[in-house]
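Taken from TrEMBL, the feature [2Fe-2S] cluster binding site applies to A:Cys83, A:Cys88, A:Cys124, A:Cys128.
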Amino acid sequence: MTSVYEPWNEARGAEIIAEHDKLEGATLVILHAMQEAFGYVPEPAIPMIASALSLSRAEVHGVFTFYHDFRHEPAGRHVLKICRAEACQAAGGDALAARAEAKLGIAIGNTTPDARVTLEPIYCLGLCATAPSAMLDGRVVGRLDEQRLDALVAEAQR
Amino acid sequence: MTMRIFVSSDAGAVAVGADDVARALEQAAIKSGIAVEIVRTGSRGLYWLEPMIEVATSQGRVAFGPVSAADAASVFDAMTAGSPHPLRLGLTEEIPWLKRQTRLTFARCGVIDPRSVGDYRAHDGYKGLERALTLTSDEILADVTASGLRGRGGAGFPTGIKWKTVAQASADRKYIVCNADEGDSGTFADRMIMEGDPFVVIEGMTIAGIAVGATKGYIYIRSEYPHAVAAMNAAITAARRTGYLGERIVGSNHTFDLEVRVGAGAYVCGEETSLLESLEGRRGIVRAKPPLPAHKGLFGRPTVINNVLSFAAIPFILAGGAKAYADFGMGRSRGTMPIQLAGNIRHGGLFETAFGVTLGELVDDIGGGTFTGRPVRAVQVGGPLGAYFPRALFDTPFDYEAFAARDGLIGHGGIVVFDDSVDMAKQARFAMEFCAVESCGKCTPCRIGSTRGVETIDKIIRGERTSENLAVVEDLCNTMKFGSLCALGGFTPYPVMSALKHFREDFGPAPATLQAAE
């Protein structure tokens, strides 16, 4: 499953804002919707959100940068998130994370030079009884071992 | 007669292939020509047996597991013929691991179709709300108080008192907020109940709304839980359609509606005031208390903010079960706790039981030790802010006060098991590192203390001036514990200090014993 995103477009951005700006405390909702549409939160969207919600640009920028989820640039075609939290550590997750880094030739938190795969840490998917776990483009995978991880990495590279 | 087969759609089951199994079963059914209905339920919580599938028989449901897609055809044949199969587990209700539990909150989880109000009602759902609608606010509050229910998010604050405070506050509007930002590693009970029995959360929140006079509620779910978000949204839509949410709930004079909001990957937003800030659309910066959220919460209005499991416990209590609930437990910890067994454990999953069970029973007896087969060395109880317990403390009963007396906490009820290959200095470093990454930055002890903590533990790991640096870590922990604004900085010392205290040998050579002066 490759996520297909629209290219940034101001009119589309304005439309997304208008869909949500009547909600109480709409900032996060709008940022999520932007990222869902464009794959990241384009810089020009920030002042547009600020003006729609009667906030300063600094306030919206502050919210945008506070949360780990929001991207300021597009991710790779596939995003592989590996759980690094304690339950997965206990089940051998550290070695698997290192293996994924080696296979992809990048450190966690980076995107491969061919822009195919972004490798990210995630702190708990709530799959702690079937650890270690990971998520590839929204699909959850548990009971990872070397073989299953390799298959997952290969799938991400396709 | 149509054969009914139940396959979990819980994320934990899907992660190990439940969707593939469901598809394979469908294929097998088509091939056989037998009429089959495949019902996607939540999980029963026996995760080492997932994907676990069940078939309805005249004696009750019969379970098979763990079933892979390749097994599906032979399991299907065994189901239709009623013949033996190596993966046959017998009657689900008779599986000892399930039978010895006391499932009050999780009674329906894994049993019903989580998208069906009808199925929920057929399994005693909405009885609590129906009774609540005949009671006054004071009577509802009296029931919640009588149950002895304490906040299941970790702080253990009496739910009845919190609700009463909001009920007595006067304001133009009030809010009910459900904290579903279950960020603690080793915990998944909130996720499970939202995916497997979302109506119980909706019912609990609705009862809270009626009790305190609030008409609007929010469920703040972390973004790492897309399946739970989808399940809650579907359930809210179904509840609206059937008159259980919206104006004049089931023909009463009460109005109550719910909205799901999704977090954005900030652990600190599990802290209630940070969560409220985030719901208001701001950075998840912790607020100083007072004022309490019960007085000035969401948008400055009186707000009941409770954990998913607290709300999920309410329907049973209001359906006439207040005394029955309070009869379970020990000391001031009344009722049952959905305990989550995770990490390197043979029988991992959700075990709901009365307070009072010991840590040793949970890990060795119920959990079956490690799946690697190596000895259990440490267990972390209560998430990233919980203490590491050695075997020597396995007699600690699961109870808020008993854990506090041993410098630990039960938190949200997660237990992560580690075998003897664990390096406790590394775990202590991780606790500090996690705090540094997730700190909201408002208070200095948490923001800077955690960073200094990582640096200092690194020095210890490198063998630099071990005893002096251990003293620095201890000092930092004290500052963080007593000087932080919220539990993130305030509780990070628990895993760090417990690792130091119980596993000192992992932090380099012990200081030379002082020799008596000649």
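Keep in mind that glycine also has a Cβ here, set from the backbone N, Cα and C atoms.
The local packing around A:Cys83 ([2Fe-2S] cluster binding site), expressed as other Cβ atoms within 10 Å of its Cβ over all shown chains, amounts to 30. Around A:Cys124 ([2Fe-2S] cluster binding site), the same-chain residues six or more apart in sequence whose CB sits under 8 Å from its CB are A:Cys83, A:Ala85, A:Ala87, listed in sequence order. Candidate binding-site residues: A:Cys88, A:Cys128. Fewest other C-beta atoms within 10 angstroms, A:Cys88.
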